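Participant: What follows is a single structure, and I will ask about it in a moment.
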Amino acid sequence: SVGFKAGVKDYKLTYYTPDYETKDTDILAAFRVTPQPGVPPEEAGGAVAAESSTGTWTTVWTDGLTSLDRYKGRCYHIEPVAGEENQYIAYVAYPLDLFEEGSVTNMFTSIVGNVFGFKALRALRLEDLRIPPAYVKTFQGPPHGIQVERDKLNKYGRPLLGCTIKPKLGLSAKNYGRAVFECLRGGLDFTKDDENVNSQPFMRWRDRFLFCAEAIYKAQAETGEIKGHYLNATAGTCEEMMKRAVFARELGVPIVMHDYLTGGFTANTSLAHYCRDNGLLLHIHRAMHAVIDRQKNHGIHFRVLAKALRMSGGDHIHSGTVVGKLEGERDITLGFVDLLRDDFVEKDRSRGIYFTQDWVSLPGVLTVASGGIHVWHMPALTEIFGDDSVLQFGGGTLGHPWGNAPGAVANRVALEACVQARNEGRDLATEGNAIIRKACKWSTELAAACEVWKEIKFEFAAM
């Protein structure tokens, strides 16, 4: 007789376990599964659980040398997606022991590493992950977090203001530094390297760092406020990235920046550790995210990438603007904005949150609204994102007819007017335009900005 039962058997026999009670230490995943025609959802869900944990396509002799019951992923619930044909949400529980501590890289390699090319599935999307406190505690998380950042910058009770320097490619280092100085002098808190500014022939990184540091110190002296410029440390190797971060620290600047998806989670986590040890804030850009998260039925939802960033480490992350998008998008976006900032977030399917997430006092991340926004959007942005955010106006600062500094003044005046109105109990949703118009009366810079972008009409519903 044969020592073990060889052969291929259905995944659902081993990996679909609807009676399973999830443990507090399990990592839970919600997958949107689109099976191939003729594949039952239980088999598809079981296949996902198997391929992303202990399973392979056939029974193997070495299965007898370990305890599958202890280590296997389990598909414990399947529900059809309302309004979609042949789409299901498969819930999978993974034992904590399957994952290396403090490694976002390993977590993703396990959960989404292999299973997305699986033949039995037409498409697969990871919609959400529940990270148990036991695993959260193995991560350092953001270098500083929201409260420490405010204390470092001495800025309270309002969103922070930023601006991406444009044209993003082609300026010399000295002209780049000049643009930075004008923006900071006018009243912005931060300026930003574009995500694709690394170290190109027309502007090497060291020159840029030096001129930007000079701009920061001059603007601080002139305004009496703490200023920063997100110096992009992203590089072709981790060693080069660290070299840039070290140089930024030696210049005494407050913040550096990293592209966490193109740079990779391993590089990002190393940089985050360096930033915490050396008092640097870390701004995170999400370049490449849409490649992964844009398709509705395949890929990884951004809320998962956002959770991963909070674990890997970053003090700011770009998270969309909400403004002018569809209503549903707003709720979904605010769902992952809360996942980034709050300590404890309740399950809420209407906001796309599949699991209750307890971050057990891992520091929070400031969400960054950036892209196509201008002064008329300020009331909406203040209302939607609240104080713990960075509002970034690239063209909305540099496109001002009088130049960068007046563009910065216009944004700062608009923001202060909105914050004051909110604190006085006025409703930004209904009175936003009036608040901006009134502020124009005592700021010619704002009036000029409002004139340039007045065509873009903007109304939004109250929360």
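Here the Cβ of each residue, glycine as well, is placed from N, Cα and C on the backbone.
What Swiss-Prot records for this protein is below:
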| type | residues | note |
| --- | --- | --- |
| ACT_SITE | LYS166 | active site, proton acceptor |
| ACT_SITE | HIS285 | active site, proton acceptor |
| BINDING | ASN114, THR164, LYS168, ARG286, HIS318, SER370 | substrate binding site |
| BINDING | LYS192, ASP194, GLU195 | Mg(2+) binding site |
| MOD_RES | LYS5 | N6,N6,N6-trimethyllysine |
| MOD_RES | LYS192 | N6-carboxylysine |
| SITE | LYS325 | site 'Transition state stabilizer' |
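Are these features on the surface or tucked inside, and what are their neighbours?
Facilitator: LYS166 (active site, proton acceptor) has a Cβ environment of 15 other Cβ atoms inside 10 Å.
HIS285 (active site, proton acceptor) falls within a strand segment according to DSSP. When other Cβ atoms within 10 Å of the Cβ of HIS285 (active site, proton acceptor) are tallied across all protein chains shown, the result is 28.
Annotation for ARG286 (substrate binding site): spatial neighbours ASP259, TYR260, LEU261, PHE302, LEU305, LEU309, ILE317, HIS318, SER319, criterion Cβ-Cβ under 8 Å with sequence separation of six or more.
Look at LYS192 (Mg(2+) binding site): DSSP puts it in a strand.
In the three-state DSSP reading, LYS5 (N6,N6,N6-trimethyllysine) counts as coil.
LYS192 (Mg(2+) binding site) has a Cβ environment of 30 other Cβ atoms inside 10 Å.
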Participant: Taking only the recorded positions LYS168, LYS192, HIS285, which one has a CA atom nearest to the CA atom of LYS5 (N6,N6,N6-trimethyllysine)?
Facilitator: HIS285
Participant: Provide, as an integer number of angstrom, the distance between the C-alpha atoms of LYS192 (Mg(2+) binding site) and SER370 (substrate binding site).
Facilitator: 11
Participant: Where ASN114 (substrate binding site) and HIS285 (active site, proton acceptor) are concerned, what is their Cα separation in Å, rounded?
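Facilitator: That comes out at 26 Å between the alpha carbons.
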Participant: Just the number: how many Å between the Cα atoms of SER370 (substrate binding site) and ASP194 (Mg(2+) binding site)?
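Facilitator: Distance (Cα to Cα, whole Å): 12 Å.
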Participant: Any idea what DSSP makes of ASN114 (substrate binding site), helix, strand or coil?
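Facilitator: Note: ASN114 (substrate binding site) is coil by DSSP, not helix or strand.
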Participant: Rank the binding-site residues ASN114, THR164 by the number of other Cβ atoms within 10 Å of each Cβ and report the first-ranked residue.
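Facilitator: Counting Cβ neighbours within 10 Å, the top one is THR164.
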Participant: What's the CA-CA gap between THR164 (substrate binding site) and HIS285 (active site, proton acceptor) in angstrom, rounded?
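Facilitator: One finds 12 Å between the Cα atoms of these residues.
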Participant: Measure between the Cα atoms of every pair in ASN114, THR164, LYS168, ARG286, HIS318, SER370, the residues the record assigns to substrate, and report the largest value in Å, rounded to a whole number.
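Facilitator: Across ASN114, THR164, LYS168, ARG286, HIS318, SER370, the two farthest Cα atoms sit 37 Å apart.
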